[in-house]
Every structure is written in structure tokens, then in C-alpha cells.
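This report refers to the structure that appears directly beneath it.
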Amino acid sequence: MQGWPSGPGEGSAAGAVPGGPGWRRRPRPVPSRPVGGGRQRGGGGGGGAAAGATADAAELPLAMGGGCRARAPPAAGLRLLLAHAVLLCAAGSAAGTGSVNPCCYFPCQNQGVCVRVGLRGYECDCTRTGYYGVNCTSPELWTRLHNLLKPSPAFYHFILTHFKWFWDIINSTFIRDTLMRLVLTVRANLIPSPPTFNSDYGYISWEAYANVSYYTRVLPPVPANCPTPMGTKGKLQLPDPQLLAERFLLRQKFEADPRGTNMMFAFFAQHFTHQFFKTSGKMGRGFTKALGHGVDLGHLYGDNLQRQHQLRLFRDGKLKFQVVDGEVYPPMVTEAPVHMVYPSRVPQEQQLAMGQEVFGLLPGLCVYATLWLREHNRVCDLLKRDHPTWSDEQLFQTARLILIGETIKIVIEDYVQHLSGYYLSLKFDPELLFGSQFQYRNRIAVEFNQLYHWHGLMPDSFIIQGQEYSYKQFLYNTSMLMDYGVEALVESFSKQVAGRIGGGQTINANVLHVAVGVIQESRQLRLQPFNEYRKRFGMKPYKSFQELTGEEEKAAELEELYGDIDALEFYPGLLLEKPQPNGIFGESMVEIGAPFSLKGLFGNPICSPEYWKPSTFGGATGFEIVKTASLEKLVCLNVKKCPYVAFQVPAAAEHGSPRAAGSSTEL
Ligand code: HEM
């Protein structure tokens with residue numbers, strides 16, 4: 001715990017029941033200032049509360065008026081503390097209450113819930129956190145044991161990405177299943193289900209649960225009217241987002257991802273995620289148009305019934321299509337009149353109609369839209385062969401479920417497998433979870449959306465069959481898809497290396513404005529500091545900017561701008577963290593991203609015991625399509641001549657991860 005004075009000794013405080021539910025009934029009095037001026041931190045999670053408890057010796061009213069008080073500070077840091085006390089009073093007065101909301105200090109550790117009580121008090125609800133005490137910092141016995149045995153993220157990452165010979169053995173035994181089950185349950189358990197907060201509700205409410213137009217939130221917003229924008233730490237004003245982006249995020253020199261991630265991966269990431277990341281322009285930040293909150297393939301079928309109907313052929317379950325030079329492509333909007341986002345220079349006859357409004361932006365997105373459209377219609381043919389009596393509706397609906405299953409299979413076994421760099425072979429098998437308690441539901445979180453802004457993947461220009469295209473030539477290039485055809489584009493995307501995402505200065509100037517928008521959004525929605533998220537996802541908070549970046553120069557600049565590592569924002573933290581050895585980004589992106597991702601994938605209803613059976617997918621044929629799907633099959637079963645296709649460039653694939661290209665034998 002950072003900087004929270006605990007009053008009477010944490011852990012033994014009256015009102016907290018050791019080993020009990022930890023719900024403290026008597027409100028804590030508001031602290032008059034944050035603890036001891038400097039950074040007093042007790043390791044990860046909640047150790048710091050003890051430091052807070054010791055700083056409580058004497059409280060001296062400092063004649064601030066309006067009930068504002070600050071304790072007599074230790075000699076060192078006196079000025080800082082006085083300044084802080086003034087700050088607190090100012091903020092309290094600004095709130096019209098004369099006191100600071102104690103939850104601005106983020107006093108509750110280990111997932112304890114902070115509730116403001118009265119004007120100056122707070123309570124931490126430690127129920128089922130495994131901790132007790134005023135600030136949920138005292139571990140129960142089993143928690144103590146668990147913490148003792150729990151390896152650090154860096155340790156298990158190292159093990160999982162080394163000793164290939166060892167993993168080759170493990171992967172052929174039942175231990176693979178055991179480990180996969182462990183990965184799934186540990187990760188998915190970090191995501192609250194049902195969802196809890198959202199950007200308007202920092203407490204549990206029916207509205208936050210029932211109104212699916214909101215993205216959910218894992219951590220509630222920083223309370224309104226805190227002393228500083230990030231709670232109580234850092235400066236009164238956050239650094240200018242444009243300045244932050246230009247100084248720390250703007251790419252100076254292209255750095256290829258060290259593990260050879262390619263453009264085929266980058267466009268897959270963008271295509272796949274834009275079915276559930278669809279921030280609402282009308283309702284504003286914090287709201288989504290993708291009400292399915294997961295893998296529903298709304299980017300193929302539209303996010304509402306009207307759009308779906310415009311895109312459907314209403315024959316044999318199929319989607320509308322057009323044939324050009326003997327190849328199937330998505331129809332034009334003249335044939336499937338759906339709203340698409342194109343610049344005004346693109347006439348309607350050249351606008352492809354796709355499930356997602358924005359997919360005209362990039363030929364890479366059009367390629368995936370084409371592949372999935374072909375796959376849908378191919379699956380419909382297979383279903384019709386087995387079920388000649390089925391209606392168009394049943395063929396359509398069943399094909400959709402098969403494609404959802406295929407998507408999840410590809411995402412886990414090709415996409416996440418590549419991204420993780422693990423030698424453990426990841427497995428999509430919903431039955432792994434049938435023995436455990438697991439909620440088959442999902443709600444997309446605003447934090448997940450923020451962290452997935454992987455614009456660093458984008459290169460400085462796009463190389464198609466040896467020809468270089470600038471952003472200007474590539475964006476909204478509506479003729480490229482049919483001029484080159486799917487094979488040529490897949491091969492080119494698979495051979496062009498993508499950029500590294502993490503480590504700072506990785507974003508091309510053409511997309512830097514998106515990063516600026518992400519930072520602005522996080523402020524508007526009052527996302528909690530990066531270090532609070534580190535703790536929430538089981539990591540130790542960083543103690544300094546140097547520890548975050550692993551170097552001195554940028555760290556010093558950041559310190560200057562933010563004033564305190566505990567005031568660093570979520571998205572800059574993720575992008576500026578030193579990458580893992582040979583990794584595409586840092587530890588936090590993995591530790592925070594993986595739980596959202598796995599929960600979203602396995603939380604899909606098709607993974608539930610009620611759905612996961614052949615009949616859901618039209619019988620054994622459909623079930624088999626789901627169970628054997630791969631990126632390679634998606635491409636090669638839907639083109640005439642199978643190109644090089646993988647999520648890594650050929651050189652990396654040769655001596656790369658266990659599931660390198662060409663490993664599929666089912667074609
Ligand atoms: C040249 C390629 C790309 C361009 C021009 C581009 C452009 C944009 C733009 C203009 C936005 C909307 C920003 C806003 O509303 O403030 C956006 C959002 C987003 N982009 Fe990209 N992007 C590209 C590639 C990618 C890639 C490879 C990813 C990786 C997953 C990605 C992930 C996202 C996400 C998650 C959002 C938020 C979507 C939402 O909430 O609606 N983008 N991008």
C-alpha cells in the first residue's frame with residue numbers, strides 16, 4: 001500500500017476480524033495526509049500498510065481551516081507534506097465537503113473494495129480476498145502459503161519460453177492438459193464475472209450490470225474531486241497527451257518485432273478485436289456498439305439484425321457475395337446497402353460492404369473479411385450436403401456457430417500461441433474447464449480496449465509483392481484487394497515483419513493520433529494509475545521510472561513530467577515498460593491482457609457443456625471443422641493456390657515457436 005496512513009495498527013485494528021470476512025463496520029476516520037512524504041512501500045500487494053500504520057504517532061492540526069488537518073510530519077519532507085496538505089484541503093473544498101475522499105488514496109489492497117463512509121471515513125471490504133485488516137493487507141493462512149509458493153510472472157515466463165526439449169515431452173503427455181487448465185483458471189479468475197464497475201458506476205449497481213452499452217471496468221474510476229488527477233499522487237496536471245505521444249511513443253526508427261511477428265498477425269489482431277471493440281461515437285467514450293461483448297462475429301455478420309439481413313443472401317444460409325475474375329469477394333454497398341465508413345472520394349460502386357463499418361480502412365482487413373465470408377459460404381455448402389432439409393435460417397445460424405468455434409480455435413492455438421512465445425502447446429478444449437466453476441459470460445472492459453491499441457505493429461510502409469505503398473496509398477485503397485487477389489496479399493502480409501509494440505517510441509507518425517486519443521480517453525474515464533493495475537493483476541508495483549523502462553534517460557523525463565511513478569497512467573505504462581527478453585512487449589501487457597483474452601474466448605457460450613457437442617454444430621462434420629481449424633486452413637481452403645501463410649515471417653518460422661507455419665497436417 002502506498003502512502004495510506006492506517007491509524008491504529010493495521011492487521012490488529014479493532015473492527016477487522018482476523019480470518020473473518022474482513023468487512024469493517026466502523027468507518028475509518030479520514031487521514032489528514034498521505035503517509036510520510038516519500039515513497040514507503042512494502043513489497044507487492046499490501047505490505048505497505050504496515051508502513052502507513054507506523055506513521056501515525058501524532059496528529060497536529062495545521063490551522064488550515066475547514067477542518068483540514070495534517071499530521072506533524074517527520075523532519076524530512078516537511079515542505080512536501082505541507083504542500084500536499086494544502087492540496088488535500090483544496091481538493092476537499094472543491095468537492096464542497098471540506099474533506100478528501102479517502103478512496104482517492106486507493107487504501108484497500110488485494111482487491112479489497114473501498115467504500116467512503118460519512119464525510120471523512122472509509123471502509124475496505126475484504127470479503128473473499130484472502131486478506132483481512134483495515135486495508136485488507138493481512139493475509140490469511142492459506143494466502144500466506146499461496147504467496148510463498150507462487151512463482152513470479154518473470155519466472156514462469158522464463159520457464160515457458162525456454163527448454164524446448166522439455167516442453168516437447170510435456171506437450172505429448174497429459175501434463176499439457178493440466179497446465180492448460182491451470183493457465184486458464186488462474187488467468188480467467190482475475191476477471192470479475194459477472195462484471196462489476198463501469199465508467200459511471202464505481203460501485204456495484206444493477207445499471208452497471210444490466211446496461212450492456214457500457215464497457216465494463218475491472219477497477220473503478222479514480223473518485224471525482226481527488227487532490228490530483230491520479231488520486232493523491234503526482235502533479236496537479238497530467239502531461240500534455242500530444243507531448244507524451246511525441247516524446248515517448250512516436251517511432252524514431254522502425255524496430256522489427258524480435259520474434260518475427262508479421263503483418264498477417266497485425267491485421268488479424270485488428271480484424272478480430274474490432275468485433276468487440278467498437279467505441280460508440282454517439283454515446284461517447286466508455287460505451288460500445290458491440291453489444292455481444294465477445295466473439296460473436298459481429299464484424300462478419302453485422303452488430304445488429306438489420307445489418308445482418310442486408311448482408312445475407314437468404315439462400316442456403318449464405319452471405320451475399322460478388323464474383324470477380326472467378327473469385328468470391330464481399331458485395332458492394334450497392335448490393336448490400338449497409339453503412340460503411342469511407343472517405344467521400346470513394347464512390348458507392350467501389351465501397352465493399354462488410355460486417356464492420358470501418359473495414360474499408362485497410363486492404364488487410366478486407367482480406368480477412370473476404371476469407372471469412374468464403375469460409376461461411378463454404379461451411380454452408382457442407383452443412384447443406386448433410387442436412388438438405390434445413391432452412392436457410394438454420395444453415396446460417398449453425399454456420400455462424402461453427403465460424404465462432406473456428407475463430408476461437410485459431411485465436412488460441414495460432415494467434416495467442418505465437419504471441420505468448422510459449423513452448424507449452426496451448427489447447428482449445430472447452431472440456432478442460434468442465435470440472436471447474438466457470439462463468440460462461442463475458443463483458444468487454446475499457447482497460448482491455450485501451451491495452452489492445454497495438455499500433456506499434458504497423459510498419460513505415462506496406463510491401464506488396466515487392467512494391468512499396470505509403471500510408472496514403474494503402475489506406476482506403478479499395479482496388480488492391482481485387483487487383484492482387486487474396487493469395488498475393490496473404491503471402492505479402494505473411495512475409496512483412498511487423499513492428500515491436502512495447503519499449504517506447506514504436507508508433508508510426510501516421511497513427512500517433514490514435515495513441516493521443518487513448519490517453520485522452522483514459523483521463524476522461526479516470527482510469528486508475530498503472531501501478532494500481534499492476535497490483536490488481538498480481539504484479540508488484542514499480543518503485544521507479546527506471547525500474548519501469550530499464551534505462552535512465554526516458555525514465556528521468558517521465559519522472560519530471562509525472563512527478564511520481566504511482567501517478568503514471570495505464571496506457572503509457574504499458575507501452576513504456578521494458579519489453580520481456582526477446583518479447584514484443586512488457587510483462588504487464590501479458591499479465592493484464594491474457595486474463596481478458598482467455599476469459600473472453602473460453603467464456604463464449606459455445607464452450608459451455610450445454611453447447612459444446614456435435615449437434616450444436618450440425619453434427620460430426622461441423623464439430624470437426626471447429627476442432628481442427630487453423631489459420632492455414634482458413635486461407636488454403638478458400639483460395640485456389642495455397643500461399644505462404646503464418647503469423648511470423650518465414651525466417652522466424654523456420655527456427656521459431658512450436659507451432660510454426662506449416663505444422664498443420666489436416667489440409
Ligand atoms: C494502419 C493501421 C491502423 C490505422 C490507420 C488505425 C486507425 C485507428 C483509428 C483512426 C482508430 C479510432 C481512434 C479513435 O476513435 O480515437 C483506431 C482505433 C483502434 N485501433 Fe487502430 N488503426 C490501425 C491498426 C490497428 C492495429 C494493428 C490494431 C491492433 C489490434 C489496432 C487496434 C485498435 C483498437 C483496439 C482501437 C479502438 C477501437 C474502438 O474502441 O472502437 N489498430 N485505430
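Yeah, the Cβs are placed from backbone N, Cα and C, and that goes for glycine too.
A TrEMBL annotation is a machine prediction, not a hand-curated record.
The active site, for cyclooxygenase activity annotation in TrEMBL covers Y452. Under the DSSP three-state reduction, Y452 (active site, for cyclooxygenase activity) is assigned to coil, being neither helix nor strand. Cβ neighbours within 10 Å of Y452 (active site, for cyclooxygenase activity), excluding its own Cβ and spanning all shown chains: 19.
The substrate binding site annotation in TrEMBL covers R187. Secondary structure from DSSP puts R187 (substrate binding site) in a helix. A C-beta separation below 8 Å, combined with a sequence spacing of at least six in one chain, links R187 (substrate binding site) to A594, P595, L598, K599.
The domain 'EGF-like' annotation in TrEMBL covers 99-137.
For 1-52, the entry in TrEMBL reads region 'Disordered'.
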